[in-house]
Amino acid sequence: MKLVRILGLASALGLGITAWLVFYWAPLEQAMGFVQKIMYIHVPSVLVCYLAFFISFLASVGYLWKRTEGYDVVALCSAEIGVIFCGITLVTGAIWGKPTWNTYWTWDARLTTTLILFLIFVGYLLLRRFVEFSEQQARFAAIIAIIGFLDIPLIHQAVTWWRTLHQTSTLFSMKPGGAIDDPLKWMLYVAMVAFYLFFAYLLTKRIQLERQERELRRTLAALE
Amino acid sequence: MIRAILAILRKDLTLELRKAENFIAMMFFAVIILLIFSFALPPDNDNHKNLAPGVFWVTFLLSGILGLSKSFALEKDLGCMEALLLAPISRGAIFLGKMLGTLVFLLLMLALLIPLFSLLFYPEALPYFFEVLGLSMVTALGFSSLGTLLSGLTTDVRFKEILLPILLFPLLIPLLLASVEILAGIFAGRGFQGELDWLKLLVGFDLIFLIASYLTFDFVMEL
């Protein structure tokens, strides 16, 4: 209980500070201008989304291995949050793409990979919906998460060869010329920390909720 | 192990050959899709040259999934699945037997699909029959590995007819892209030489998902 509250306060504070800094402190990017500010949502969202899917994958492996319900709860909750942030990434990317590339959507490698990832995990959530709540549901979902995760490198390679337009990741590139300016970089780091805190808050809160839900379902089943 | 796999394979083949209803439905469906493509796409041959690889593999995916969804239906209907699971053989053997059964029928379908495809859509495809069949083997292997796993997984699930393609098609995108590119190379007369990278990706896909499906199938088939 306490952890959730602390995380909630910290992420609210972090997001508030980020919003303030983005509009009052971070300088305008030379080439792209004001639209570039959406990067402070776009980039952290995609990083949260990757982390969430990775946690979901690890928890799925853990579930198939140990068969403890806790792993299943984590896998489900993390995948749900991942899908939301994946959606945010796609939408903010489209908003940014219109003024910059002059198109909302383009079949670029990273866009396409993210979209496919989104579809795979939406499928995962649908499967959870369609299978009765049971140990079987947990097993099936874990298999999809594992298979989906294994597919990511292949998808990425395939769509990269297929066509590419997206700028390379500037945040982590070590080249002096390609890297972005210092204040912009620090701004991104702050936004990232805020988003990760927010993710941690959402995840713990959602896990708590899911546990209570399952508890309730069991109690009701026992009463019948 | 090998004997168990072959026994399951033989069972599936015998069942299918006696009635062949599933296969005929699959084949007929493929023809209908080809017809729809011919009607829906502009009829001149220049366009068909560019569209041919994509049309071929989309036809394969759509009719192949029809065959897949039936792969475990029979076992469920007659309670045969329980008997299979009680048999003193590993789950992996069941998977491989089922997978090979699907693979054989997919290849049969593809072997018939190539002439039909050149008849109905792209006449220049027929001279490349053996190259296309060779590519089909690699593609069908990846398709049937993942397909058998997911088909086994969705047999009990509500709305399985819609859930299977929703789960399977996004996962198959690397396979589709690679197959389309290689087929375009074959139709351009370069054989497999032009697209070696894609071929590596395709073989990698097959290996990864053959092993992953083999290993995770244990968890699908728990009583």
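The backbone N, Cα and C atoms fix where each Cβ goes, glycine too.
Sequence-remote contacts of a segment are chain residues at least 6 beyond its ends whose Cβ falls under 8 Å from one of its Cβ atoms, and for the transmembrane segment (B:20-42) they are 48, 51, 55, 58-60, 62-64, 66-67, 70, 105, 108-109, 112-113, 116-117, 120-121. The transmembrane segment annotation in TrEMBL covers B:20-42 (among others).
Residues 15, 22-23, 25-27, 29-30, 33-34, 37, 41, 80-81, 98, 101-102, 105-106, 109-110, 113, 117, 121-122, 125, 132, 136, 139-140, 143-144, 147-148, 150-152, 154-155, 160-161, 164-165, 168-169, 172, 176, 179-180, 183 of the same chain sit 6 or more residues outside the transmembrane segment (B:54-74) yet have a Cβ under 8 Å from a Cβ within it. Feature annotation from TrEMBL assigns transmembrane segment to B:54-74 (among others).
According to TrEMBL, the transmembrane segment annotation covers B:95-122 (among others).
Per TrEMBL, the feature transmembrane segment maps to B:128-150 (among others). Listed by sequence, the residues of this chain that lie at least six past the ends of the transmembrane segment (B:128-150) yet keep a Cβ under 8 A from its Cβ atoms are 56-57, 60-61, 64-65, 68, 71, 95, 98-99, 102-103, 106-107, 110-111, 114-115, 164, 167-168, 171-172, 175, 179, 182-183, 186-187, 191-192, 199, 202-203, 205-206, 209-210, 213-214, 216-217, 220.
Per TrEMBL, transmembrane segment is recorded for B:162-186 (among others). A Cβ distance under 8 Å defines the sequence-distant neighbours of the transmembrane segment (B:162-186), meaning residues of its chain 6+ beyond its ends; these are 52-54, 56-57, 61, 65, 68-69, 128, 131-132, 135, 139, 142-143, 146-147, 150-151, 154, 192-195, 198-199, 201-202, 205.
Marked as transmembrane segment by TrEMBL: B:198-217 (among others). Under 8 Å from some Cβ of the transmembrane segment (B:198-217) lie the Cβ atoms of residues 91-92, 94-96, 99, 138-139, 141-142, 145-146, 148-149, 152, 174-175, 177-179, 181-182, 185, 192, all in the same chain and six or more residues away from its ends.
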